[in-house]
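Taken straight from Swiss-Prot:
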ACT_SITE  Cys335  active site, thioimidate intermediate
ACT_SITE  Arg437  active site, proton acceptor
BINDING   Asp278, Ser279, Ser280, Gly328, Met329, Gly330  NAD(+) binding site
BINDING   Gly330, Gly332, Cys335, Glu508, Gly509, Gly510  K(+) binding site
BINDING   Ser333, Asp368, Gly369, Gly370, Gly391, Gly392, Tyr415, Arg416, Gly417, Met418, Gly419, Gln449  IMP binding site
DOMAIN    121-183  domain 'CBS 1'
DOMAIN    184-240  domain 'CBS 2'
Amino acid sequence: MAAVRDYKTALEFAKSLPRLDGLSVQELMDSKTRGGLTYNDFLVLPGLVDFPSSEVSLQTKLTRNITLNTPFVSSPMDTVTESEMAIFMALLGGIGFIHHNCTPEDQADMVRRVKNYENGFINNPIVISPTTTVGEAKSMKERFGFSGFPVTEDGKRNGKLMGIVTSRDIQFVEDNSLLVQDVMTKNPVTGAQGITLSEGNEILKKIKKGKLLIVDDNGNLVSMLSRTDLMKNQNYPLASKSATTKQLLCGAAIGTIDADKERLRLLVEAGLDVVILDSSQGNSIFQLNMIKWIKETFPDLEIIAGNVATREQAANLIAAGADGLRIGMGSGSICITQEVMACGRPQGTAVYNVCEFANQFGIPCMADGGVQNIGHITKALALGSSTVMMGGMLAGTTESPGEYFYQDGKRLKAYRGMGSIDAMQKTGTKGNASTSRYFSESDSVLVAQGVSGAVVDKGSIKKFIPYLYNGLQHSCQDIGYKSLTLLKENVQSGKVRFEFRTASAQLEGGVHNLHSYEKRLHN
């Protein structure tokens with residue numbers, strides 16, 4: 001029998017062993033040995049915990065030039081992301097991509113609503129003239145979702161300031177034919193052109209008013225600050241904002257047909273920060289040409305291309321000028337592409353291989369599809385992705401489009417794949433986002449690559465996203481790293497270890513041997 005070692009030498013002995021426990025990511029994702037893997041097929045091994053989870057930074061790259069405070073992204077699906085979802089995704093540190101299964105004008109209006117929701121200096125405030133009627137002002141309040149319109153002499157943005165119309169000025173005015181010059185607040189408190197954002201916020205605190213109008217030396221309106229935005233800055237410290245305008249970041253999706261060029265012009269005019277080229281198979285001449293056109297026409301606009309599942313697909317899009325990649329083909333909960341088209345790839349393997357290639361060129365990648373819980377998010381990030389796109393996880397939330405309905409006593413919302421027949425027939429086939437996404441514009445018989453269904457009410461993302469955020473912090477803590485950057489660096493160096501899971505191991509890792517139980521995700 002071998003002699004028992006001195007316990008004081010345990011660390012030295014562990015270091016002397018020929019290999020670390022578990023597998024490196026390269027060994028785990030060897031397709032020749034294990035085939036294609038997805039998130040349930042492996043675990044990340046625990047490391048040393050020497051810090052509180054609250055110290056974990058989840059800051060990450062969305063594209064070459066856009067950084068987010070969280071890796072959470074909402075999918076451009078017509079049952080997931082419209083303006084309300086995009087607003088709160090940005091407030092909570094992520095970003096939302098508004099779907100394009102609607103008219104270009106409607107999509108641009110949704111982008112505009114996000115950009116106007118929270119601003120630092122509002123450099124293009126909506127203004128009215130003294131001869132605007134009270135009824136028109138009320139209609140504008142309903143249309144734009146806010147009140148507080150500066151009144152200028154000529155009704156133009158840089159005109160001489162005459163006053164401001166707020167809710168309290170018009171709320172109880174019954175005669176809608178009255179002119180705003182008769183009810184507006186005259187001589188409002190103003191700030192001088194050139195003051196800083198912090199100085200403007202201090203003035204707002206002192207005057208206890210809702211808006212601060214910024215004017216030049218001649219009394220002409222220059223910009224505006226909002227008190228509600230000051231409050232939001234306190235409530236949402238992680239909010240994703242433009243470094244220049246301080247507006248919330250907003251993304252949107254377009255297709256790759258010629259009509260999408262005019263759609264994109266409207267979106268850029270509305271303030272779009274980043275565009276996703278929405279295609280189930282991104283390695284197409286249509287997408288390559290669209291990337292080149294966008295780079296020539298809107299050189300400052302960030303482009304996320306895809307979807308891709310292989311290095312070869314990624315190489316074409318990177319060479320064309322993509323600023324980010326979207327990974328996934330057939331792995332979404334409502335997607336049947338792999339079943340119908342016999343084309344796709346298990347998501348874990350797709351994420352690892354594409355990220356390993358793209359990261360060498362500084363191109364951030366987004367894992368899209370197959371994510372069902374916090375553990376899956378952690379694994380996608382460990383495999384190299386910078387962000388994680390969620391569709392099914394956010395469907396059924398308060399902020400997702402659609403009305404709730406009841407079935408068998410449960411409160412539900414509709415959720416459908418963009419490759420479903422329902423989505424393809426939402427508008428005319430020409431210009432429809434779904435037919436464009438699946439190259440089906442000219443088909444007389446539509447072949448579905450998705451299904452329509454319903455999901456249970458999940459409540460508001462104002463509670464759900466913080467749950468994901470805290471859970472991901474705890475996950476990084478268990479693995480032993482204080483940031484996503486450190487996690488990924490140590491995965492690549494081989495210090496972070498993995499374990500392949502058999503089917504029995506997967507059963508063991510879930511709830512088992514209970515007569516009944518309740519699974520509550522958060523309080």
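Glycine too: its Cβ is placed from the backbone N, Cα and C atoms.
Known features from Swiss-Prot, placed on the structure.
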residue	record	Cβ within 10 Å
Asp278	NAD(+) binding site	30
Ser279	NAD(+) binding site	23
Met329	NAD(+) binding site	26
Gly330	NAD(+) binding site	26
Cys335	active site, thioimidate intermediate	25
Gly369	IMP binding site	29
Gly391	IMP binding site	25
Tyr415	IMP binding site	23
Glu508	K(+) binding site	10
Gly509	K(+) binding site	12
For NAD(+), whose listed binding residues are Asp278, Ser279, Ser280, Gly328, Met329, Gly330, the greatest C-alpha pairwise distance in Å: 14
- request: Summarise the domain 'CBS 1' (121-183) by DSSP state, stating how many residues are helix, strand and coil.
  value: 18 helix, 14 strand, 31 coil
Message: If you count other CB atoms within 10 A of each CB, which of Gly328, Gly510 wins among these binding-site residues?
response: Gly328
Statement: argmin Cα dist to Gly509 (K(+) binding site) over the binding-site residues Gly328, Gly369, Tyr415 returns Gly369
Field: Pairwise Cα distance for Cys335 (active site, thioimidate intermediate)/Glu508 (K(+) binding site) [Å, integer]
entry: 28
Message: Quick check on the domain 'CBS 2' (184-240): DSSP residue counts for helix, strand, coil, in that order please.
response: 20 helix, 17 strand, 20 coil
Local confidence of the domain 'CBS 2' (184-240) - pLDDT mean: 83
Query: Which one is closest to Gly328 (NAD(+) binding site) in space, judged by CA to CA distance, out of the binding-site residues Gly369, Gly391, Tyr415, Gly510?
result: Gly369
Statement: Near Met329 (NAD(+) binding site) (Cα-Cα within 10 Å), the binding-site residues in question, chosen from Gly391, Tyr415, Glu508, Gly510, are none
Statement: Of the binding-site residues Gly369, Gly391, Tyr415, Glu508, Gly510, within 10 Å of Gly330 (NAD(+) binding site) (CA to CA), in sequence order, we find Gly369
- line: Spacing of the two Cα atoms, Gly391 (IMP binding site) and Asp278 (NAD(+) binding site), in whole angstrom, works out to 14
Message: I'm trying to understand the geometry here, so how far is the Cα atom of Tyr415 (IMP binding site) from the Cα atom of Gly510 (K(+) binding site), in Å to the nearest whole number?
response: 26
- line: For Asp278 (NAD(+) binding site) and Glu508 (K(+) binding site), the CA-to-CA distance in whole Å is 38
Field: Number of Cβ atoms other than its own within 10 Å, given for Ser280 (NAD(+) binding site)
entry: 23
Rounded to the nearest Å - Cα separation of Ser279 (NAD(+) binding site) and Gly369 (IMP binding site): 14
